[in-house]
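Asker: Please see the structure below; I have some questions.
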Amino acid sequence: MAFANFRRILRLSTFEKRKSREYEHVRRDLDPNEVWEIVGELGDGAFGKVYKAKNKETGALAAAKVIETKSEEELEDYIVEIEILATCDHPYIVKLLGAYYHDGKLWIMIEFCPGGAVDAIMLELDRGLTEPQIQVVCRQMLEALNFLHSKRIIHRDLKAGNVLMTLEGDIRLADFGVSAKNLKTLQKRDSFIGTPYWMAPEVVMCETMKDTPYDYKADIWSLGITLIEMAQIEPPHHELNPMRVLLKIAKSDPPTLLTPSKWSVEFRDFLKIALDKNPETRPSAAQLLEHPFVSSITSNKALRELVAEAKAEVMEEIEDGRDEGEEEDAVDAASTLENHTQNSSEVSPPSLNADKPLEESPSTPLAPSQSQDSVNEPCSQPSGDRSLQTTSPPVVAPGNENGLAVPVPLRKSRPVSMDARIQVAQEKQVAEQGGDLSPAANRSQKASQSRPNSSALETLGGEKLANGSLEPPAQAAPGPSKRDSDCSSLCTSESMDYGTNLSTDLSLNKEMGSLSIKDPKLYKKTLKRTRKFVVDGVEVSITTSKIISEDEKKDEEMRFLRRQELRELRLLQKEEHRNQTQLSNKHELQLEQMHKRFEQEINAKKKFFDTELENLERQQKQQVEKMEQDHAVRRREEARRIRLEQDRDYTRFQEQLKLMKKEVKNEVEKLPRQQRKESMKQKMEEHTQKKQLLDRDFVAKQKEDLELAMKRLTTDNRREICDKERECLMKKQELLRDREAALWEMEEHQLQERHQLVKQQLKDQYFLQRHELLRKHEKEREQMQRYNQRMIEQLKVRQQQEKARLPKIQRSEGKTRMAMYKKSLHINGGGSAAEQREKIKQFSQQEEKRQKSERLQQQQKHENQMRDMLAQCESNMSELQQLQNEKCHLLVEHETQKLKALDESHNQNLKEWRDKLRPRKKALEEDLNQKKREQEMFFKLSEEAECPNPSTPSKAAKFFPYSSADAS
């Protein structure tokens, strides 16, 4: 069900799936086999094999990284690496020679580096790098990182395995498979990706918390870890599984060198400031280039010597140690050595120096110039591996009755470059150990001592004598971390007493209460390697000797298994990163589509209301125009009607005037004849004047009545139009209110919808994190089970070997004790032969009982060991389960906090939006009221303008004055 939900989260619709796209630096139209010829295999990476290829035309060599890609999405995962390689032209970064995608395989052709990776060189030479070599590598890595960071590129996987060497002594930074190319200078990343042992603390935190992203400073931390790795062959905490390493990095102090006294103050200070857990105070690559540790480096001679040594011709010589027949010689030599143990001073058990390893007296490291020029001297290098030939750990011969075993030195061999002083030191060491050498010792003068970790001895109880110390396994440092120890016992033998040397050679069996003989197979063979090479015209010869032991094979096996585990983890990280990228792309697409939809909805709503407003305004205009037309018609008709009435009134008025004239004539005719003429003339003049006055008054009165009637009609028309415009304004404002209310409602709905989408996306993101975390936990449990099974199998094998070895040891000890007992009886000379035979018989019976008791003790010890081992395995699983539960719980808590913070942020945004909504409503109402007041003011001004002069139009293009043309 969870997997189905996971697939649903990452599922995209059909139209969202990406089509095949062309990439600038990837060719699809060419088969790489037509251009390149595979001439060999270089290695097997986490995502594909790496081949050595040769250009068919130019003959140039390249490293071909061939990756099978099943889809375009997988192909896109590697495009970042190709783009980074194509855009980074730097002398210390590998160059891209071409990229091809053909037949479902991606071919990435990069520059071929014959020197190989630094970690492979260290394994080949079986030692870490010297400080001058580390300085040159560090300087060149810093220059490469400074260039990358200036291009806004984070490497994210710095380690010795990704630092390649050329024959010219320069490095090439490689493997940009998990690198990030930012778009902005201050951009940060939150992907949990990289190799755990080299991860910065801020990157580790991104496994469960994405709130603390990291930037290019993470590469500086990885650089510091890489320098420690080059000094000690292995990175810090390499003995832990990746799960514990992440916890260790996050909670512990920054790692340091195991033996700081061997290294310079500048190196230690450089590591201190580079391994700063606070990325804000951690320096950048440009700042570290000014550090005294690397600022004065101008020559790469140290790296040229390193590459020449790694690529030099090797002459190997395997020398056999004691064979089984030599055991009898060792038994015969017991009588000779017995005198030594009796005559010399009493030797206490080797617990006096049990807590002090051989590195207790390390040689002082020399300056870089001195160490480079002293190849042939035994202790000239801090690592002590370039030219050391020392005495091998002595083989333990059978001991005396007190249970003390006597050391028998192995053969000693002299290196090609040894001078006479080393021989004197060896002779002096033998002289200090005292006594005569046994014949077995005289026959083994060619073997040389191996590295301290290779000479670790095991007791029957599984305890180790590492570097000459009797320490329990929990306190003993891991083997690979001791590979850079001093020049073994050659430089320190003169200051060590006999008791210390003896403690190196003996194996203490605490439960049996006696010292047991070591397994002869442990020192069966010695491998001597002689390397001859030329640097700057000077021929250098370096001889190293190493005892081949089972521990060597175990170390190699553990290294291989750890690489396998890291490869599995890298695959999980890559898949997780791909899923995270797909989910992020899906979320971005969802947000983009949602924003587009929101914008479309808002635009559609605005368009709807704009259309309504346009329709309303158009209707208003049409209605007003129609009303104006009606009003004009009404004015003309009213003016015509009034004119007709006034004409009739004027006609009647004229008739009345005529009647008045007749009456005046009648009155004059009634006068006497002599007065008529004069009176007629006078009356007629008066009548004419009165007629004119009355006519003028009548016409003026008619005109005034007409204008008043027209004014009333115009006022009525204007009032009617004003009412209509008020009505339309109210409708328009109501429509505007509806428009804004709809937009506000949509905004609130969109806020809610966006919050729900972001919340669901956050849940999907954490669901994916939980899914990937559970997959990682399942892989970690699987690795832990394999580790526990290996430990149990190794314990069973060791117990089987001890069980098979015990009878041989008992027989050898029995012979020795019987011989010594017979010799003591012979010396004492007491009793008859029968009594001596009886004593020998009793002694033999006691020996049988003692041996039987030892076998029972061994069986009981093996049972206890197995029980403890099973308990330890169960404890490992329980601890792992607890750590995984804590991570899951932390992830759930963080998800809860993020969801809560998201809800609070949404509520706050909603509150702020509502708070801003009130002023918006108020501003809208004020704007609408202002428009209403402006309209009323316009109408009022129109009325006032019409009052003093009725003939003046109140509103242009809407109200027209009365004119004589209206009446016609």
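The backbone N, Cα and C atoms fix where each Cβ goes, glycine too.
The active site, proton acceptor annotation in Swiss-Prot covers ASP157, and the record cites sequence analysis as its basis. Residues or ranges marked as ATP binding site by Swiss-Prot: LEU42, GLY43, ASP44, GLY45, ALA46, PHE47, GLY48, LYS49, VAL50, LYS65. Annotated compositional bias 'Basic and acidic residues' per Swiss-Prot: 835-865, in sequence order. The feature domain 'Protein kinase' is assigned by Swiss-Prot to 36-294. Summarising the annotation, Swiss-Prot assigns phosphoserine to SER13, SER20, SER191, SER438, SER450, SER454, SER485, SER514, SER549. Summarising the annotation, Swiss-Prot assigns phosphothreonine to THR952. The region 'Activation segment' annotation in Swiss-Prot covers 175-224. Annotated region 'Disordered' per Swiss-Prot: 337-411, 425-490, 668-690, 827-865, 910-929, 944-968, in sequence order.
How about a rundown of where these features are and what they're close to?
Answerer: Its Cβ taken as reference, ASP157 (active site, proton acceptor) is surrounded by 22 other Cβ atoms within 10 Å in the chains shown.
Within the same chain, the residues at least 6 positions away from ASP44 (ATP binding site) whose Cβ sits under 8 Å from its Cβ are VAL50, listed in sequence order.
Taking the Cβ of SER191 (phosphoserine) as centre and 10 Å as the limit, one finds 19 other Cβ atoms among all the protein chains shown.
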Asker: Hey, which bits of the same chain come close to the region 'Disordered' (910-929), Cβ under 8 Å, at least six residues off its ends?
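Answerer: Residues packing against the region 'Disordered' (910-929) from afar: 733, 736-737, 740, 744, 747-748, 751-752.
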Asker: Please report the Cα separation of LEU42 (ATP binding site) and ASP157 (active site, proton acceptor) in Å, rounded to an integer.
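Answerer: Per the Cα atoms, LEU42 (ATP binding site) and ASP157 (active site, proton acceptor) stand 20 Å apart.
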Asker: Note the mean pLDDT of the domain 'Protein kinase' (36-294), expressed as a whole number.
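Answerer: A mean pLDDT of 88 is what the model gives the domain 'Protein kinase' (36-294).
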Asker: Distance check, please: Cα of GLY48 (ATP binding site) against Cα of SER191 (phosphoserine), rounded to an integer number of angstrom.
Answerer: 22
Asker: On the three-state reduction of DSSP, what should I expect for ASP44 (ATP binding site)?
Answerer: strand
Asker: Run through the region 'Disordered' (910-929) and tell me, per DSSP, how many residues are helix, strand and coil.
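Answerer: Residue counts for the region 'Disordered' (910-929) by secondary structure: 20 helix, 0 strand, 0 coil.
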Asker: What's the CA-CA gap between SER191 (phosphoserine) and ASP157 (active site, proton acceptor) in angstrom, rounded?
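Answerer: It is 13 Å, counting Cα to Cα.
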Asker: Across the region 'Disordered' (668-690), what are the DSSP residue counts per state (helix, strand, coil)?
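Answerer: Split into helix, strand and coil, the region 'Disordered' (668-690) gives 20 helix, 0 strand, 3 coil.
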Asker: Across all chains shown, how many C-beta atoms besides its own are within 10 angstroms of the C-beta of LEU42 (ATP binding site)?
Answerer: 17
